[in-house]
Amino acid sequence: MIGDIRETKECQLKDPMDLFNSGQVVKICAPMVRYSKLAFRTLVRKYNCDLCYTPMIVAADFVRSAKARDSEFTTNKGDHPLIVQFAAKEAQVLCDAARIICPFADGIDLNCGCPQRWAISEGYGACLINKPELVKDMVRHVWSQIDNPKFSVSIKIRIHEDLKRTVDLCQKAEAAGVSWITVHGRSIEERHQPVHYDAIKIIKQSMSIPIVANGDIKTLKDAENVHHLTEADGIMVARGLLANPAMFAGYEETPFQCIQDWVDIALEHGTPFTCFHHHLMYMMERITSKQEKKVFNVLSSTSAVLDYLNNHYGV
């Protein structure tokens, strides 16, 4: 991380709010465990992605351990604008993490949406939507200790069954100075149920800061439809970008040039084989037959994958 970070000091950090003030819908790569790391962010930025998030990082570990910082966070001068997402439950710990990251990223995001049991049992993630005063305090604390006016502080949430509680949470966060709010339109209990885009629209109409819509957006057409339904200022995509990193550039399925770009970027960044291979499995899901998948998905080395891609697709 350290070499990459030194390089970043030479570049101009960006103000993410400029994107929201541009009048265009902001196209965003979601924080994804294991997946939204530097190499993948580099790829989606080539295909019209405006703003990228890191995977969620536990702030307490990040503050406490240099080893955690080195393994959890890498960046470079082209990796902007960049939002680092933290899991935190104490205001000062989040502040300490924000202060460490501030020279190398354009903002932080507080995860108030992760529904996984481990996160909720630790007091992280989606349980924070039931603690609006704590969220407000955490946002305020960060602003009081970061002196860069271009640095953003955002939150990502899920919705309550009673939407009035969600609107109250959002308004408290806005009063504390939050830059924007990303709304995943499902409750903590919901996994694969339809996304409540109507709820996102109500939240958007109740706020004066930017709102980002998230949930079940798999194509550029989906993104346009969700923008129309919710009036959101930005669209955040997770699995849709895994399946097609070029979706924001209007491709219906992953083009072979994008696969070639991923191979080049992943090898350049020294991406571990499992991650390199998994991304390709996602990207090729729609463009390979069942028989091809059976062969490709069990390949066990980078050289075997490269040989397969070269022999079958000329990549």
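Glycine too: its Cβ is placed from the backbone N, Cα and C atoms.
Feature list (source: TrEMBL):
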DOMAIN    29-292  domain 'DUS-like FMN-binding'
BINDING   PRO31, MET32, VAL33, GLN85, HIS184, ALA238, ARG239  FMN binding site
ACT_SITE  CYS114  active site, proton donor
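Each of the binding-site residues HIS184, ARG239 was scored by the other Cβ atoms within 10 Å of its Cβ; the lowest score goes to ARG239. With respect to their backbone Cα atoms, ALA238 (FMN binding site) and CYS114 (active site, proton donor) stand 13 Å from each other. Calculated from their C-alpha atoms, the gap between MET32 (FMN binding site) and the residue listed as 'active site, proton donor' amounts to 11 Å. In this structure the C-alpha atoms belonging to ARG239 (FMN binding site) and the residue listed as 'active site, proton donor' are separated by 15 Å. Across the residues annotated as binding FMN (PRO31, MET32, VAL33, GLN85, HIS184, ALA238, ARG239), the two Cα atoms farthest apart lie 17 Å from each other. Within the same chain, the residues at least 6 positions away from PRO31 (FMN binding site) whose Cβ sits under 8 Å from its Cβ are TYR53, THR54, PRO55, MET56, GLN85, ASP109, ASN111, LYS156, listed in sequence order.
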